[in-house]
Amino acid sequence: MTVWQAIVLGIVQGLTEPLPVSSSAHLALTPYFLGWSDPGLAFDVALHFGTLLALIWYFRREWLEMIASAWRIARTRRVETVHDRRVLYLIAATIPGGIGGLLLNDLAETTFRSPVVIATSLIVMGILLWAVDRWSARARVLEEVTLRDAIIVGCAQVLALVPGVSRSGSTMTAGRLLKLDRPSVARFSFLMSMPITLAAVIVKMPDAVREHGASLPLLAGVAAAAVSSWFAISVLLRYVARHSFGVFAVYRVLLGIVVFATLASRT
């Protein structure tokens, strides 16, 4: 893999990971359409390290508050504040994704990366995102998230193991179904993505280093993912404060149709 290819894939990862359009689908489809060799799931996960850095920096105040809350809970054995509850809810939301990742890891690396699976997932989740977002009332904010909400959204995160579903797409759809407003569901989705992304990076980064080495392309890809992720996070949070998820749903469906049309033309 060249430095240029790694940078392109890093930008693709960074721009699409925060958006409900499936970064894994874009990372699998980009080499397919450009005629590059598939760098594999380990490289994709390594690029997530760049996104993780962007998330940590963007939400640094929230994480500092939650770290303080976790320390307070450990000392007092009491849950008293909104931040205390959020710590417990994020832990609860992370567990289903961790279990799903362990059980479905082999399928995620092989069968799930099929263009047919990706195109189908893009279209189906796009329709679900549009329908749920359109008919869910704007009712609750982030401070009103309950343990039940966290577990349901966490279970939805498991679906993201299928490229084309999108972690952001599945969790934001679940959050809107639970009648959380768009800015709140976006922020909660980002916060809950960090522990599971960190776990995936810890597990898969050694594989990426073995396959690609601690090389300039790998480092360039991670850096490109970090910068573009920070940009995408800031743009999305401003956008959903005023607009629906409709544009992302339409994009998903159109991309899925393009993939199917391309596959048909090559057979």
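Cβ atoms are placed via backbone N, Cα and C, with glycine included.
As annotated by Swiss-Prot, transmembrane segment applies to 39-59 (among others).
Here Swiss-Prot flags 87-107 (among others) as transmembrane segment, drawing on sequence analysis.
Panel annotation: around the transmembrane segment (112-132), residues 20, 22, 25, 28-29, 32, 38, 41, 104, 159, 161-166, 169-170, 172-173, 176-177, 245-246, 248-253, 255-257, 259-260, 263 of the same chain, lying at least six beyond its termini, place a Cβ under 8 Å from a Cβ of the stretch. According to Swiss-Prot, the feature transmembrane segment maps to 112-132 (among others), an assignment based on sequence analysis.
Using a Cβ-Cβ cut-off under 8 Å and counting only residues 6 or more beyond its ends in the same chain, the transmembrane segment (145-165) has close neighbours at 22, 24-25, 27-28, 86, 88-90, 92-97, 99-101, 104, 107-108, 112-113, 117-122, 125, 171, 173-175, 178, 180, 184, 188-189, 192-193, 196, 256. The transmembrane segment annotation in Swiss-Prot covers 145-165 (among others) and is backed by sequence analysis.
Long-range neighbours of the transmembrane segment (183-203) within the same chain, counting only residues 6 or more positions beyond its ends whose Cβ lies under 8 Å from a Cβ of the stretch, are 18, 45-46, 48-49, 51-52, 55-56, 58-59, 62-63, 86, 90-91, 93-94, 97-98, 101, 140-142, 145, 150, 153-154, 157, 167-168, 171-172, 175-176, 233, 236-237, 240-241. Annotated transmembrane segment per Swiss-Prot: 183-203 (among others), in sequence order, evidence recorded as sequence analysis.
Summarising the annotation, Swiss-Prot assigns transmembrane segment to 216-236 (among others) and lists sequence analysis as the type of evidence.
The feature transmembrane segment is assigned by Swiss-Prot to 244-264 (among others).
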